[in-house]
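Visitor: Could you have a look at this structure, given as structure tokens, before my questions?
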Amino acid sequence: MSTPMDIKNALNRVVNQLDLTTEEMSDVMREIMTGQCTEAQIGAFLMGMRMKSETIDEIVGAVSVMRELAGKVELKTLDGVVDIVGTGGDGANIFNVSTASAFVIAAAGCTVAKHGNRAVSGKSGSADLLEAAGVYLNLTPVQVARCIDSVGIGFMFAQSHHTAMKHTAGPRRELGLRTLFNMLGPLTNPAGVRHQIVGVFNQALCRPLAEVLLRLGSKHVLVVHSQDGLDEFSLAAPTFVAELKNGEVTEYWVQPEDLGIKSQSLYGLAVESPAASLELIRDALGRRKTENGQKAAEMIVLNAGAALYAADHATSLKEGVALAHDALHTGLAREKLEELGAFTAVFKQENEA
């Protein structure tokens, strides 16, 4: 039994460009997440890791500890339960595509356990958007599970489930850089989903994160980054995909046209606030009275369709997109959004009583 790695030894390693093993990284992360390190040590470690560049082993070690310390959501089954999530940090300030897509996925009859947070770098995070839509966020894990069982979709507010993250908040904010933690959120779904779309801020992360999820037991995952820099499937450019399926990772590019959708510019899809994002999404999921609403609907269908494929609810990306198109155009997705708001309002009364 080797002695556990501590943060001082880890800093010494990292500053010399030496990698940590999965176990060593887990030791250091446990020290950080249980409040045993100073903010200076945490900041130095995150910066050193970023400059050295995190290995698959190190990310696996970090994710394992975060999953272990998370407030878990226990579901009856994880078969076909999907999450659609991005690292954020793509700098595009586009409306909340993955959150809007989640309601289309649920409308198509697939179960969604959505993990998300407030905006870090963008104008509107998934939590900000849902709050604007009247969804109550401060749920217990049991209440989230009830949402998922009854509505077919539930939202896990990252800060409620990953309370150990509070130790890193100061250093992360003060560094103002993307760090290891930007990658960890999408990999630490509190329900333990094994089907996922993960959007990343850099194409170079696609394959490594697919490999990390393979090591951690995921079944069918698409890790994506578009050529125009988005952490999701783009309407305006090809998207690079690292797909984990049947225990193997394959890489390919996909164009909107391959999936039966016409490419178009992203003009009109950027938002300045959660309220503006919500207005665009309500139009896209509703009557599509504006040109931007129609375009947003296409972008949502593209991403929701990919998630239906990752959930094995469809046998191909193209079939997933066709199913998502039908689910959006029935108006059911808009109803799901209102239904989740109404369902969580009951818990709000209970929790605040």
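For all residues, glycine too, the Cβ spot is worked out from N, Cα and C.
Okay, these came from Swiss-Prot:
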BINDING   G86, N117  anthranilate 1 binding site
BINDING   G86, 89-90, 96-99, 114-122, S126  5-phospho-alpha-D-ribose 1-diphosphate binding site
BINDING   S98, E232  Mg(2+) 1 binding site
BINDING   R172  anthranilate 2 binding site
BINDING   D231, E232  Mg(2+) 2 binding site
Visitor: Rounded to the nearest angstrom, how far is the Cα of G86 (anthranilate 1 binding site) from the Cα of N96 (5-phospho-alpha-D-ribose 1-diphosphate binding site)?
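Guide: That comes out at 10 Å between the alpha carbons.
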Visitor: Rounded to a whole angstrom, what is the C-alpha distance between G86 (anthranilate 1 binding site) and D231 (Mg(2+) 2 binding site)?
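Guide: Answer for this pair: 6 Å between alpha carbons.
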Visitor: What are the non-local neighbours of E232 (Mg(2+) 1 binding site), defined as same-chain residues 6+ apart in sequence with CB under 8 A from its CB?
Guide: G86, V97, S98, I197, G199, V224, S226, T239, N303
Visitor: Between the residue listed as 'anthranilate 2 binding site' and G116 (5-phospho-alpha-D-ribose 1-diphosphate binding site), what is the CA-CA distance rounded to a whole number of Å?
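Guide: Distance (Cα to Cα, whole Å): 17 Å.
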Visitor: Name the residues of the same chain, 6+ apart in sequence, whose Cβ is under 8 Å from the Cβ of D231 (Mg(2+) 2 binding site)?
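Guide: Those within reach of D231 (Mg(2+) 2 binding site), by Cβ under 8 Å and sequence separation of 6 or more, are G86, T87, G88, G89, D90, G199, V200, F201, V224, H225.
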Visitor: Is N117 (anthranilate 1 binding site) helix, strand or coil when read with DSSP?
Guide: coil
Visitor: Where T99 (5-phospho-alpha-D-ribose 1-diphosphate binding site) and N117 (anthranilate 1 binding site) are concerned, what is their Cα separation in Å, rounded?
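Guide: Just about 11 Å between their Cα atoms.
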Visitor: Please list, in sequence order, the residues in the chain of N117 (anthranilate 1 binding site) that are at least six apart in sequence and whose C-beta is under 8 Å away from its C-beta.
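Guide: Non-local contacts for N117 (anthranilate 1 binding site): G125, S126, A127, F157, A158, Q159, G185.
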Visitor: Could you tally the C-beta atoms, other than its own, that fall within 10 angstroms of the C-beta of G122 (5-phospho-alpha-D-ribose 1-diphosphate binding site)?
Guide: 20
Visitor: Using a Cβ cut-off under 8 Å and a sequence separation of 6 or more, which residues in the same chain sit near A119 (5-phospho-alpha-D-ribose 1-diphosphate binding site)?
Guide: G88, G125, D128
Visitor: Let me know the DSSP-derived helix, strand or coil state of G86 (anthranilate 1 binding site), please.
Guide: strand
